[in-house]
Amino acid sequence: MVSRYRPATKEIIHYSANACLLPLCQLHGAAVTTVEGIGSTKTRIHPVQERIAKAHGSQCGFCTPGMVMSMYTLLRNRPQPTMEDITETLAGNLCRCTGYRPIIDGCRTFCQETNCCQTNGSGNCCLDGGKMYSFLLISQEKPQLFDREEFLPLDPTQELIFPPELILMAETASPRTLTFHGERTSWVFPTSLEELVRLKTSNPEAPLVMGNTNIGPEIKYKGVVHPLIISPTRVTELFEVTQTPQGVWLGAGCSLSEVRSLLEKLVPQFPDEKTELFKALIQQLGNLGSQQIRNVASLGGNIMSAYPNSDLNPVLAAGNCKLSAISSGELPTMVISDFFVSFGKTVLKPEEIVVSVFIPFSRKWEFVRAFRQAPRKESSFATVTTGMRVFFSEASRVVQDISIYYGGMGPTTVSAARTCKALIARPWDDEVLSRAYDVLLDELALPPSEPGGKVEFRRSLTLSFLFKFNLEILQKLREAVGLCSSLKKRTKSDLDPVGRPIMHRSAISQATGEAVYCDDVPRTDGELSLALVTSSRAHAKITGLDASEALRIPGVVDVITAKDIPGTKVLTMFGYDEELLAEKEVSCVGQIVCAVVADTRAHAKQGAAAVKVSYEDLPDPIFTAEEAIEKSSFFEPRRMIEKGSVTEAFKSVDRVHEGEIRVGGQEHFYMETQSMLVIPIGEETEFNVYVSTQWPTFTQGTVAKMLGIPSNRVTCHIKRIGGAFGGKITKTSILASIASVAAWKTNRAVRCVLDRGEDMLITGGRHPLLGRYKVGFMNDGSIVAADIQCYINAGNAVDESIQVTEKILLHIDNVYNIPNLRASCAACRTNLPSNTAFRGFGVPQSLIVIENIVDNVAAVLGRPADQIREINMYKGKSVTHYKFEFSPENMLRCWDECKAKSDYSARRRDVEQFNQQHRWKKRGLSIVPIKYGIASFYFPVRHIYGSVLVTHGGAEMGQGIHTKMQQVASRELHIPPSQIYISETSTSTVPNTCPSAASFGTDSNGMAVKNACQTLFQRLQPIREKYPKGSWKSWVNAAFFEKISLSATGFHRGPDLHMDWDKMEGQPYAYYVFGACCCEVELDCLTGDSRTVRTDIVADIGRSLNPSVDIGQIEGAFMQGLGLYTLEELKYSPSGLLYTRGPSQYKIPAVCDMPLQFNVYLLSDSHNPHAIYSSKGIGEPILSLGSTVFFAIKEAIAAARSESGLVGPFPLDSPATPERVYLACASPFTQKIPVSKPGSFKPWALNI
């Protein structure tokens, strides 16, 4: 939080900001408050920190400090906020673990509706009224997930005061020019407009920086260097606001938040007819960036950026706004509509400066509207934006004047001048507008290879927006969020913590910023930073590597190449070698070629940029699955499984349907990027490796092999991980090995923390899948035969792709008993970065293939999809296609309960009625089941020490494994959890760990901890019998003096699981997790935007060890699945470069994507003899149920298509982005757009 004192008004303002974009030198005169400053466990924690923690809103914890500070800043400005305030405040914060529900749950307790039932964590919200979020967990019984009465009260009088010396400095100090000098850049802060003009005149190329939201990313991510930067934040003329009879002049330096606040204050002061433009701008400002961005970005800077897809510029241009610019004393005025000339360019000369912007009042009979479509509803660059203004002759329908401007339809903001001319002096009716659509289509043409792609979609949106304008449909700000939570009561001992909603054991320290992650480990003397040099070619020979220029950069110590690796230079998996550092050839863009170590991270990055690698391109790179199939480029073995006689069965079916579906890849987007610190001990080649990994033993072994030393010389330490989702196993071991080689060569500690962009470029993600199928079925809906071929895009290295193909095939049946089933799956070898494990491990791709088949069977027969699902489900004693017997009873119970809890039948009728009554909005309702296999490994030793220190082999990454192990030890030792401590996961204490993955972490570690505790407790039995009234502490002391060992080890072997792929049979899983999900969505057919209205999930997770943790896992997994199937899209250039390398291009779900009503139910009376205390693994299974949203969208599309006379199956690939959804709706506007013939142009992006 940044706080400043304004001498003119004598007020103190507080605002949140992104630390990564805020230059330190711009904070002169400001007070900065971080999460450590508002409370700590050593003093007192702040109510915000406490409530987020105790409401279970912190899992991995990496995003928690940001959530805390956003909310803290809001409370400093509004101690009793509304729900709209809260959700808007958190819109700029991202979380990958929780699904946001518990975060909102905790923050909501500050809501001004103090008597709202929501703030107590239980019951339906009295404020819902169709607007608020309602979150039910299990039943309306208590106890709830948290008790509001336990919370510390918020007392605004106890907050930190603004430093008096800063007030004194601001009021007494005479303004003077400030200059800050860095290694390569100087920042100058002039104090007057005259001085600013002089500086800019003498340095015309020096950029002006106010909020640093445009220049900052260029410097940080593109390596742009500006020798001089001018920051006019102290020039008061740039912040003046002047009201005139014609409108209002706003200083160009005003932040976008200030502009919005000012316009909101002006709107109620004038008649509605005068504030049309104000309201349109307020609407756009609410969607532009996040609150943290708007707090610092300036109005003038936003205009001057001249972004092609600007949110504000089309509205300002359409509204006849003006701006004044100064140069050499002159202050000319120009209209914004004539201001933009090309990409990022305006009519201003380099030395000219925008001083103020004029926003006029609207007139009677004048209407202004703004529309936008973006990949995500909030905090996302727009795909297409528009500002439209029409002025009618008084009391008539005749258009006197009209202006229409679009963003996202060319290199700059463009005017639809010919379209406007076709409308002027004509009546506003369907006939005239119909002609206008044709003119607009011709006027705003885009070539098929236009940068940004989505050409058909963008052109269609221009027509849709004009149609929306015609209907005067106003886009409203996002609706507020409210939450309710309650749990089914369980009867148990007050001491026994198992089964209770116990707070994550690290939640408080994560909320206070005291939690230590890998990059928080203090620097050591002589420590170096490592930066990577990656390939810029997808398929090429390395002909030269010149590091001489890099080595001349001050601070650069060395360059690490493949020749420096003292041990094994490759990582071997499934018989394929993957080079740590490419030596002779590269096979993808982003492959690591070498690394640079330097005294600082900045110097290391400069050095990496200076390394020159020369290439000789090799022919015919392979990027897509189709190309790999054509050239037979696969990783072997290719798997196949068959049940029954598929070929014969197809001869006897009533109907046959064939089709295909694509499932896009997904980026892990863990909050903490790949991080590691390698410290050479100095004696006998020992290394301490502090690393963010899910499998410390694998990293330990890989590092040892690369260094050519025994693995007992390498110790891996993991305190906690800031999210992983499968992405911190193989890739992490490679990166840690490179850092270890650098540490070995330099004999100094080496730290490597990847930037988000390079992390996304290098590490891969979920495998994209191409599924082709042929299905035979009877007229009654029973599926008799299915032949399915799946192809996953593995990338340039095998990684874990073979195992992914196997899991895809083992789950290809989902819950359906198909008597004749044949399925094959191949891992395609391509020239993209290799993909790896990701939460669900192939099941999310497998499930959507089989569910799409079932969905299309229903469409062919014209029957509801849920009926076809029920007809084909396993029933009674069942056998899978790999000959494994199981009972589907709990699966059928989940299905039936989900239909009942969601009121499916009644809502089905409501959806049909809604669709009959609405032409341009449609709803869809879908229900999807799941059967998910949980496997196990041999599980390692766990230690329990006399001081009740527990160590185990699981890595804490937000899933609450430490908390659950604490609960297990507490039950078995009969002591409170507070007496049990878990420090870290280390290969020195648990040398044979298994990966924390595949949802079996609690199963394995819990059983081993239980085993160790029972051993220890049994040893103490003679002491307990001798001193029956003693305490745990007295028993332990007595045992010590009686020479009884107070440490114990535990081991859990797990069941023997196997799969014989030659015989196509086996028992690959210990048990199944079942579930069902019902989702309802509402679709805007004119933009492709959709909203999840309600979600109901019933999950069979056995007997939950910790309902708050497990429900958090369910919600977080579902939201990650929602992202996979509807939102997250990876884009690659035709040369194989990943375009989407950061949060501005790649959109994960945010607060705005939460279902308006989210109900989670845990199946009662479920038992599981194969896991600890009859629980079940829950981390992965529910992610696949995010597909329910996909199929609900698909149903809504079908309703839209029926308006155009289109019925039956239609293709829809995943993710169901607004672009795909809009085009699938086949509206009259879509059908106007000519489709370019594939092969006739070079696409902007590949269809991976």
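Glycine is no exception: its Cβ is also placed from the backbone N, Cα and C atoms.
Over in TrEMBL, the protein carries these features:
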BINDING   C20  [2Fe-2S] cluster 1 binding site
BINDING   C60, C63, C95, C97  [2Fe-2S] cluster 2 binding site
DOMAIN    180-364  domain 'FAD-binding PCMH-type'
BINDING   208-215, 298-302, D311, R372  FAD binding site
BINDING   Q694, F725, R839, A998  Mo-molybdopterin binding site
BINDING   F841  substrate binding site
ACT_SITE  E1180  active site, proton acceptor
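Close to F841 (substrate binding site), meaning Cα to Cα within 10 A, are the following recorded positions out of C20, C95, S298, R372, Q694, E1180: E1180. Proximity of the residue listed as '[2Fe-2S] cluster 1 binding site' to non-local residues of its own chain (separation of 6 or more, Cβ distance below 8 Å) is seen for G216, K220, given in sequence order. Taking G300, R372, E1180 as the recorded positions under consideration, the smallest Cα distance to C97 ([2Fe-2S] cluster 2 binding site) is found for E1180. Comparing CA positions across the recorded positions M210, N212, G300, N302, E1180, the one lying closest to F725 (Mo-molybdopterin binding site) turns out to be E1180. Mean model confidence of the domain 'FAD-binding PCMH-type' (180-364) amounts to 91 (pLDDT, 0 to 100 scale). Within 10 Å of the C-beta of L208 (FAD binding site) we count 23 further C-beta atoms, all protein chains included. Ranking the binding-site residues M210, G300, Q694, R839 by the distance of their Cα atoms from the Cα of C60 ([2Fe-2S] cluster 2 binding site) places Q694 first. By neighbour count, meaning other C-beta atoms within 10 Å, the densest spot among the binding-site residues N212, N214, Q694 is Q694. Taking the C-alpha positions, the distance from S298 (FAD binding site) to C63 ([2Fe-2S] cluster 2 binding site) comes to 26 Å. Sequence-distant neighbours of C95 ([2Fe-2S] cluster 2 binding site): residues of the same chain at least 6 apart with a C-beta under 8 Å from its C-beta are C63, M67, I103, M671. Cβ contacts within 10 Å of F841 (substrate binding site), excluding its own Cβ and spanning all protein chains shown: 25. Long-range Cβ contacts of G300 (FAD binding site) within its own chain (separation 6+, distance under 8 Å): M210, L238, G251, A252, G253, L323, V354, V355, V357. A simple way to gauge crowding: the CB of C97 ([2Fe-2S] cluster 2 binding site) has 30 other CB atoms within 10 angstroms, across all the protein chains here. With respect to their backbone Cα atoms, L208 (FAD binding site) and R839 (Mo-molybdopterin binding site) stand 44 Å from each other. A straight line from the CA of N214 (FAD binding site) to the CA of R839 (Mo-molybdopterin binding site) spans 35 Å. When the CA atoms are compared, the binding-site residues lying within 10 A of E1180 (active site, proton acceptor) are R839, out of the candidates R372, Q694, R839. Calculated from their C-alpha atoms, the gap between N212 (FAD binding site) and R839 (Mo-molybdopterin binding site) amounts to 36 Å. In this structure the C-alpha atoms belonging to R372 (FAD binding site) and R839 (Mo-molybdopterin binding site) are separated by 33 Å.
Neighbour count (other Cβ atoms within 10 Å of the Cβ, all protein chains): 24 for M210 (FAD binding site). The separation of Q694 (Mo-molybdopterin binding site) from N302 (FAD binding site), Cα to Cα, is 42 Å.
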